[in-house]
């Protein structure tokens with residue numbers, strides 16, 4: 001059945017006119033049927049490997065959330081669970097956090113709070129249900145008026161003095177800096193410059209509102225990706241790993257809100273998936289959850305952040321030279337790969353495994369098998385679909401911005417492993433003159449290993465395989481090509497974190513002073529009462 005499906009899809013790919021059936025986005029530059037060959041062959045190899053593997057894998061169950069559940073989960077993930085439910089009210093952190101959000105970020109939060117509120121009312125939950133207008137009440141306007149309408153309402157804070165009521169002028173918003181400049185007026189950025197100073201969603205909203213919005217949707221041949229770059233910044237760029245863990249938590253919340261706001265502005269649905277917990281292996285190499293594997297590895301090599309088997313397989317491939325023609329594309333012998341897999345499970349940790357017997361193509365197959373066998377995808381259950389949906393965004397720049405935010409949302413272990421993988425793939429591409437593996441070829445071969453996940457979204461894969469193949473291969477290409485940009489924390493998010501820290505310190509100082517004052521007042525009152533009781537006074 002599998003090979004029949006492969007043939008059917010393969011024939012379909014030949015009949016499909018150049019890019020016609022799946023050209024929903026500018027990033028899908030006419031991938032001709034020849035270039036898709038590598039994808040279908042890789043998919044066939046994967047199905048064959050699975051066919052040989054008699055132990056049936058437990059398919060991952062992905063839960064479809066009920067109405068309101070998705071938004072409730074989203075608010076929890078964004079660190080805003082105290083805007084609803086029993087814990088609502090304890091919101092010093094939330095007040096500080098919300099005060100640093102941009103206009104589009106506030107609209108995204110507001111939209112989700114509104115849905116949760118309505119759902120709770122329907123279910124008659126005995127929760128304290130906040131009014132959205134109270135949450136986003138401007139500091140100097142106790143009535144907190146919010147515009148009504150089908151569009152997510154724009155929240156006007158006391159900072160936005162220069163806006164006209166009908167919104168004809170570009171919105172001014174605070175990014176934790178003192179200057180109030182209109183993002184559009186002050187954009188000395190070219191089409192290939194990635195502006196990290198202004199919220200991506202705000203940039204998208206401004207493009208949408210202006211004639212610039214009709215800018216080209218990519219274009220250029222399939223092999224030509226824009227030469228995106230970060231403009232020089234006197235203060236330098238902030239990379240993942242530069243910030244303290246408590247600040248990275250804030251980055252995570254802001255990245256989630258920003259990504260959602262960007263998708264809202266562009267009219268693309270952003271849905272986090274949720275895996276139903278299932279039994280997984282708690283030891284071994286293949287099919288073990290990343291955190292479990294790393295915990296196991298850290299006992300051997302303290303501080304290691306990448307699974308040892310993953311590192312060793314890459315070293316093994318590189319030692320045999322990256323100039324081998326068809327590297328990653330030509331599969332190892334399936335039966336040999338299977339027995340190597342079993343032998344590694346038994347001998348890897350005690351150091352008795354003989355690496356000299358491992359042929360290069362077998363090592364490459366084992367590396368891909370390791371990625372596929374993870375109980376949850378490397379790009380995570382929560383965000384795998386969001387990574388796929390990047391292809392639906394209108395411009396290449398917006399696709400890159402979304403990928404940047406998605407990388408920030410990955411758990412540390414997944415992000416570190418993905419980084420090592422992408423760096424390795426780039427080194428393979430650097431030898432393309434000899435190994436004949438171009439960026440396009442490598443993306444085609446690797447996409448099925450990262451995106452077609454056992455038991456995950458299999459309906460979509462089978463119904464719409466051609467569209468998905470082209471789309472995921474393009475996302476894979478983007479991740480390899482722009483990997484250096486993807487590990488950057490946008491400056492506007494760093495500014496928001498900084499502003500949150502400053503505001504929190506100010507509030508804590510104020511609270512401390514207030515407590516001291518109240519204590520003193522109580523002490524004075526007590527003293528006064530004692531004196532009144534003394535008759536001699």
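Note: Cβ is positioned from N, Cα and C throughout, glycine not excepted.
Model, not experiment: these values are computed from the prediction.
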Per TrEMBL record, range annotated region 'Disordered' [choices 135-185, 186-236, 237-287]: 135-185
From 1-30, 31-60, the residue range that TrEMBL assigns the feature region 'Disordered': 1-30
Tally of DSSP helical, extended and coil residues in the region 'Disordered' (499-537): 35 helix, 0 strand, 4 coil
